[in-house]
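The following features are taken from Swiss-Prot:
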- HIS19, HIS108, TYR196: Cu(2+) binding site (BINDING)
- HIS185, GLN194: O2 binding site (BINDING)
- CYS70-CYS199: disulfide bond (DISULFID)
- CYS169-CYS250: disulfide bond (DISULFID)
- ASN24: N-linked glycosylation site (CARBOHYD)
- ASN85: N-linked glycosylation site (CARBOHYD)
- ASN146: N-linked glycosylation site (CARBOHYD)
- 1-18: signal peptide (SIGNAL)
Amino acid sequence: MHLKTFSNLLVFVATVAAHGYVDNVTVNGILYTGYQPNSDPYYATPPPRIIRPVQGNGPITDLTLIDLQCGGYTEGGIVGSQPANLTAGPVAAGSTVSLRWTLWPDSHSGPVITYMAKCPAAGCSTYVPGTAAVWFKIQATGRIGNTTVWGDTPLKTAGNSYSYTIPSCLSAGSYIVRHEILALHAAWTYPGVQFYPSCHQIQVTGSGTSTGPSSKVAIPGVYKATDPGIVYDMYAVQPYTIPGPAVFTC
């Protein structure tokens, strides 16, 4: 069997088998259960959640959809960035936040990228960024050299866990944190790359004064179909360029 054909078969099997979403988030020692797509929509009164609703464990494959922002499914009634009814924290700038994903398939290798966007003074519970350029990247891990180790490898080897650090210089306030995995197992053409975004809301404290970089990005809009990190053959031995802006540092 030809290698590419065999790869296609593996992709199909993996696609049928499983994907994933962020199941819970630990902020300042408190574990917050995330949005549960298989049960939360059926409650008369929605449970308190810090994670914005997602359509399930499936991917977003169209870079132009608002669903790319936070994993919604607009056609199915879940808008691209429907606010959560709870905000985690308070948590000090400079702290580390831990996320736990559901089961993640071995075949779905790719980078892990985290963005933040500051909410208005009224908080995040009614804030919908839309197509405004409000997002900045705070973390990104791609392919380690030309190895088979990727940003999402810890999800397969460390109990489906991942963490990020809130920039220590950020000003106090409420933020949306957008955490995503790009699965590249079918990304040798576009459409092909699979996006698994998840957004949660946190209240940050501290004496920092930064609001992130002066130039921010819109989501959707940050990625283009022609970007090197969007179209990529992960089965080839070659470097990988993480798409999007540079990581913000204090």
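Cβ atoms are placed via backbone N, Cα and C, with glycine included.
On a predicted model such as this, the values are computed, not experimentally measured, just so you know.
Sequence features, as recorded in Swiss-Prot, placed on the structure.
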residue : record                      : CB count, 10 Å
ASN24   : N-linked glycosylation site : 17
CYS70   : disulfide bond              : 30
ASN85   : N-linked glycosylation site : 15
HIS108  : Cu(2+) binding site         : 25
ASN146  : N-linked glycosylation site : 11
CYS169  : disulfide bond              : 17
HIS185  : O2 binding site             : 22
GLN194  : O2 binding site             : 21
TYR196  : Cu(2+) binding site         : 25
CYS199  : disulfide bond              : 30
Recorded positions (HIS19, CYS250), the one with most neighbouring Cβ atoms at 10 Å:
HIS19
If H, G and I count as helix, E and B as strand, and all else as coil, what does DSSP give for CYS70 (disulfide bond)?
helix
Roughly how many angstrom lie between the C-alpha atoms of ASN24 (N-linked glycosylation site) and TYR196 (Cu(2+) binding site)?
15
Three-state secondary structure, HIS108 (Cu(2+) binding site) (per DSSP):
coil
Considering only the recorded positions HIS19, CYS70, ASN85, GLN194, TYR196, which residue has the minimal Cα-Cα separation from ASN146 (N-linked glycosylation site)?
GLN194
For TYR196 (Cu(2+) binding site), what is the secondary structure state per DSSP, taken as helix, strand or coil?
strand
Looking only at DSSP and grouping its letters into three states, which state does CYS250 (disulfide bond) belong to?
coil
